[in-house]
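If you look up Swiss-Prot, you'll see 1-26 marked as signal peptide, on the strength of sequence analysis. Marked as domain 'LCCL' by Swiss-Prot on the basis of sequence analysis: 40-133. What Swiss-Prot records for Cys46-Cys62, Cys66-Cys86 is disulfide bond, and it gives sequence analysis as the kind of evidence. According to Swiss-Prot, the feature region 'Disordered' maps to 198-226. Summarising the annotation, Swiss-Prot assigns domain 'VWFA 1' to 265-450. Annotation source Swiss-Prot lists domain 'VWFA 2' at 467-640. Positions annotated as N-linked glycosylation site by Swiss-Prot, on the basis of sequence analysis: Asn492.
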Amino acid sequence: MGIVVPTMKASVIEVLLVLLVTGIHSNKETPKKTKRPKLTVPQINCDVKAGKIINPEFMVKCPAGCQDPKYHVYGTGVYASYSSVCGAAIHSGVLDNSGGKILVRKVAGQSGYKGSYSNGVQSLSLPRWRESFIVAESKPQKGVAYPSTLTYSSSKTAAAKAGETTKAYEKPSIPGTTIQPVTLTQAQATPVAEVTHRSTSKPFAASVTNSPRPQPVGHRSQEMEEVDGWKPGPVLLDSGFVPKEELSTQSSEPVPQGDPNCKIDLSFLIDGSTSIGKRRFRIQKQFLADVVQALDIGPAGPLVGVVQYGDNPATQFNLKTHMNSQDLKTAIEKITQRGGLSNVGRAISFVTKTFFSKANGNRGGAPNVAVVMVDGWPTDKVEEVSRVARESGINVFFITVEGAAERDIQHVVEPGFASKAVCRTNGFYSFNVQSWLSLHKTVQPLVKRVCDTDRLACSKTCLNSADIGFVIDGSSSMGTSNFRTVLQFVANLSKEFEISDTDTRVGAVQYTYEQRLEFGFDKYNSKADILSAIRRVGYWSGGTSTGAAIQYALEQLFKKSKPNKRKVMIIITDGRSYDDVRIPAMAAYQKGVITYAIGIAWAAQDELEVMATHPAKDHSFFVDDFDNLYKIAPRIIQNICTEFNSQPRN
């Protein structure tokens, strides 16, 4: 019995070893059973655009030679789906011109695709497009199956020719979600009523399925939307779906850009009063349509909105409603007459307060223009509301048709209303048309004037229309620390202005017994460059010859000022001048230079008043300590603007 027990133990151990070896062998064989097949990456040509491919995420192989400029690319980083897929891949740096595999993912459309030159490809700008895409290196995500055959929106694909109208693949995996199979069906035309997002072009109804109920391709799951980096609006993968606020004209081509030489934001105020009658109202609409056609409307050129007035004004459509001439003409034709009085003043006030806003499509950098059409004369006053419009930067034009005859003057609420309303009373902004039948002759003259942006004087504001020259005391009494405080004061004033070559320009002179030009008006064209230049000014040290410094600034700085710029000199000193300041100050006045005199500590107030432009109380300032200098900056800016807004209108 003692021999049997060890034998049984040996048998048990032998069985356990066999089972262990068998299990290990079985585990080694398991991976072979679940090994994934090799990924097949479809190849595309250089000219294939992302918008032609329905799949929301896919891998493709690009051939060599896609760097050719004939393969257009729109955007930088995020590309409009009208772009060449392979061209965008080269531009982004994912590929070079030898070709290769890439990963493509569709994202929502956006506004403002910026062009740039990168990796031998010049991408173009585009105001907006309905769908975008991004490209990345071809590194498949774990657990994601990419389509081996692409589904196109056109029937000219291999899949369509072979009758393969449906391809199945899996959605990209998203953390926290379960991968669902997605089915894409070859695009077929469907009625607009069947589509959630309305489109004026023919939509196609490719279906995306992640549940038993089919959904349009234009819709993605909530999980997909949550991981999108760009979310300006609805996510639109279907190139047939376009929100109507994004594009008024649906086309497979980029939207018309408009005339870049006439970039204005224009509001037409049309007369819808009862007195104009139906026939003349139709003539007015035809005139408006002819002007719109001549302007060449587009996002890079002029934009037009229409306000109709009677008893009260109403916006027919704003600046961003229609982005090309043809759509505008169609919209104008549909305008119906309101009736009522001719309350022009109320309409101008309405436009000033509400029309030129960002929400209505105002672009900020484009001049604001209002063209007011009047049959006869207004039934309310226009002078005060027009003054507010001018001060708001609106260039008001008046077209008066069949104005008051001598016998009718007594009935006019405000005689000379047009001259009181327009931007300038120099004839440039007024049209007096004798008959509605001759109104068509005004089309070209009006277009020429509203597009002459250099003469749109009311676009100029106190912050964007001056040449400002600082004349800075660098004498020994200043000291290094106080001089830096003065430079900070100069920077604080400068940053309040809109600085560019066509807006406000800034220059600086430093003086002691001698003078030197730190930088002229044409040296720097941006606010950042100006502020940087001010910081770099070095302290000179020496005497105080303010009179000579004024004369030097007139000759070396303001002599190069532009004719249409307001010339403003700001003198900053901490002591009495060693030389006479009266004659140089008079010379500045005679040359049209507005002088502000800023005195600190030991500066002589009587001398400040001599140098300052009349009235001295508005143009001379004194602080007893350098640390209080910053306090007067807002008052100086306010006075500059008050003076600008009160300038003679001629």
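Using the three backbone atoms N, Cα and C, a Cβ is placed for every residue, glycine included.
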Q | In three-state DSSP terms, the structure that Cys66 (disulfide bond) belongs to | A | coil
**Q.** Among Cys46, Cys66, the most crowded of the disulfide-bonded residues [Cβ within 10 Å]
**A.** Cys66
Q) Over all shown protein chains, what is the count of other CB atoms within 10 A of the CB belonging to Cys86 (disulfide bond)? A) 32
**Q.** Within the domain 'LCCL' (40-133), residues counted as helix, strand or coil by DSSP
**A.** 11 helix, 43 strand, 40 coil
Q. Cys86 (disulfide bond): which of the recorded positions Cys46, Cys62, Asn492 have a C-alpha within 10 angstroms of it?
A. Cys46, Cys62
Q | Cys66 (disulfide bond) and Cys46 (disulfide bond), distance between Cα atoms, whole Å | A | 5
Q: Express the distance between the Cα positions of Cys66 (disulfide bond) and Asn492 (N-linked glycosylation site) as a whole number of Å.
A: 51
Q) Rounded to an integer, what is the Cα-Cα distance in Å between Cys62 (disulfide bond) and Asn492 (N-linked glycosylation site)? A) 54
Q | Other C-beta atoms that fall within 10 angstroms of the C-beta of Cys62 (disulfide bond) | A | 27
Q) Within the chain of Asn492 (N-linked glycosylation site), which residues six or more apart in sequence place their C-beta under 8 angstroms from its C-beta? A) Tyr630, Ala633
